[in-house]
Structures are given as structure tokens and as C-alpha cells.
Amino acid sequence: MLWLHIIQYAGFFSAQITNSLLVYLIITRAGKLFGSYRHVMCVFALYSLIYAWIEVATQPVMHIKGPIFIVYMDSPLKSQMWIGNEITCLYCGSFALVISLLAAQFFYRYVAMCRPGILRNLDGYKLILIFIPCLICFVLWFEFVYWGMANTVEKQEYLKEELKFYYEEDSTNIPFIAPMYWSIGHNGEKIWKFWECMSSVGCVVIICVCFSTILYCAFNIYRSMKNAQSHMSAKTIELNRQLFITLTFQTLLPFVMMYSPVGLLIVLPIFEVYVGGIANFVGASLAVYPSLEPLIAIFCIKEFRKTVLCQRKRKITSSIANTQSIAVSSMVPTNYR
């Protein structure tokens, strides 16, 4: 899977650059403009750096066959079976932390715009409370894949020829997670695997809860901004507009690149839709996303954009030049003008 690994490495290096730049801008330019919200933004950017490391340490390859989808490790660590399965589960849990941290950003903006009375409950060290649900999502997803989608001999045998044909891999020697929704009995009947199905349902519920939170908060933020425009200063309106545009793009991008692909990866095996190696476009999308998300904030927030494009410096230089021109002009005698 050379093409996939090229994308994964490119996504990793790009994510380090864009997220580091965003952290720098938050520290140096956000100041008091965003209040405590800048801390929420910074946590998301810092975690995106960590997520990129986990992703490149796993280099996941994905495949769907019949009632099963598999995510197996294809990094240089794949020969280390003693830790490979744990890292693969960590990668899956990290996805849940990304989407829940994004929901936390929307929730904080919702509280600031629509419920300012309870904003003081998130001041100072209390801000950590907003991240507790995110950690719960991470732990739940990790447990779902660790226990409900475990690497078993039955799955190794079922996928042995498939992985050998497409990837030249021995299913008995690679770390992977894979929910198998049912098996076929001696009489050809389907034998549903309850806990494997429930683990996938749990993952889908986390996706739905996070995305529903984002949609609810985004709708109420927009409505609150419309209603309160007459009571806000022009500067406050402009800042909230920039933040809302940022959050809007931060809704659309993960929906296209994270929520929908992973949701389809989980659901399609139920209907026995043969996707095969095409499922790796999900892995490619997840690898690229952490590098693209910071660009939204960098180019949608005016202060950040000015700094990156050096507009602030050009403006100062232009202002100095104009001042010098006026000063020189004032020194020229009237009869020479």
C-alpha cells in the first residue's frame, strides 16, 4: 500500500507544521480576544499533533469483506504483536477523542453566546470539566474495539486468503481489530455475534452524539448572533462572525472526512456490501484531516491570517512610508511645490 503510506507520511508532516503554527498563533495573537476559548482551541491543536503521531505509528490499512471490516497495523511496528493490537486500539480510540474535542469547542462557544450566566463555571482550572466527556468517549471507544472487536482465530481464518491476495499479509501475524457481525452455521444459517454488534453500535452512538452536539450548538450560536447583533459592538460582531465561519467549516470538513467515512466503514458490512481495498480511502482521509483542520482557523480568523500573510508588517511599512512622505513634503518650500 505504497500510495496509502505516502499519504499517511505526508499527512503526518503537514499536521506537525500546521498545528504547530496554529498553537503559535493562539499563544502570540489570540491574547484576550478569545478569552478562555483560546485554551480550548490550543488543546485541540496540541492533541491533533499527538493524533498524527499515533496515526503514523499505526499506519492503518482497512478492508471490508462480507460481515467484517478490518483495521490492521502496517507500520514498522507490526511485527511486535505484544503491543501492536494495543496501538491499533489506541488509534481507534484517538479518533473518538478528536471528534469529541471538536464537539467541546462548539459547546464552549454555545455557552459563551447562549448561556453566558454559566460561563463562570468554566473559568480557570474549571475549564478542565469541558474535557471530561471527551475522555469518556475515548475510553469507551477504546474498550469497544479492544473487547468487542478483538483479534481472534476465527477472524484470522476468515480473512486469511483475502489479506494474502490483496496485501500479501499473513492474518495470523499482524495486529488488527475487526468486528465480525455474524458467522455461518453448519446449516447455512446466520449466527449473530451480539457483543460485536453492540460494540459497533456503541461507536456509532458516539459519532451521532458528537455530531448532534455540534449541529445543536452551531444552530443556537447562529440564532443567538442574529438576535444579539443590535446590542453588540461592531468589533464583537466581527469577531463572532469570524469564529462562527471557522466553526462552520470545522463542521463540514470532519463530516466529509471523518464522520461519514468511519460511519460507512462500520455500517456497510451489516449489508454485506463488498468494498474490499476501497475502504483504504477512509484511512487516507483520516490521515490528511489533522493537517487541514488548523488551516480553517488560520485563514478564517483575521488576526491569524494577517500574521501568516505578513499583512500586518506590510501595513506598518506602508504607514511609515506615508508618514515619511508627508514629512518630506512638509519640508519643501511652497514655491517649489
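Please read every residue number as a count from 1 along the shown chain.
In case you wondered, yes, glycine gets a Cβ from its N, Cα and C as well.
Where the annotation comes from TrEMBL, it is an automatic prediction and has not been curated.
Since this is a predicted model, take the numbers as computed values, not measurements.
Record features, source TrEMBL:
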type	residues	note
TRANSMEM	6-27	transmembrane segment
TRANSMEM	39-62	transmembrane segment
TRANSMEM	82-107	transmembrane segment
TRANSMEM	127-149	transmembrane segment
TRANSMEM	198-222	transmembrane segment
TRANSMEM	243-271	transmembrane segment
TRANSMEM	277-301	transmembrane segment
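Here the listed stretches are 6-27, 82-107, 277-301, and the one with the most C-beta pairs under 8 angstroms to the transmembrane segment (198-222) is 82-107.
Segment contact holds for the transmembrane segment (127-149) and the transmembrane segment (82-107), given three or more CB pairs below 8 angstroms at sequence separation of 6 or more.
Counting only same-chain residues 6+ beyond the ends of the transmembrane segment (243-271), those with a CB under 8 A from a CB of the stretch are 34, 37, 62, 64, 66-69, 95, 98-99, 102, 105-106, 109, 179, 181, 200, 203-204, 207, 210-211, 214-215, 218, 221-222, 225, 279, 281-282, 285-286, 288-289, 292-293, 296-297, 300-301.
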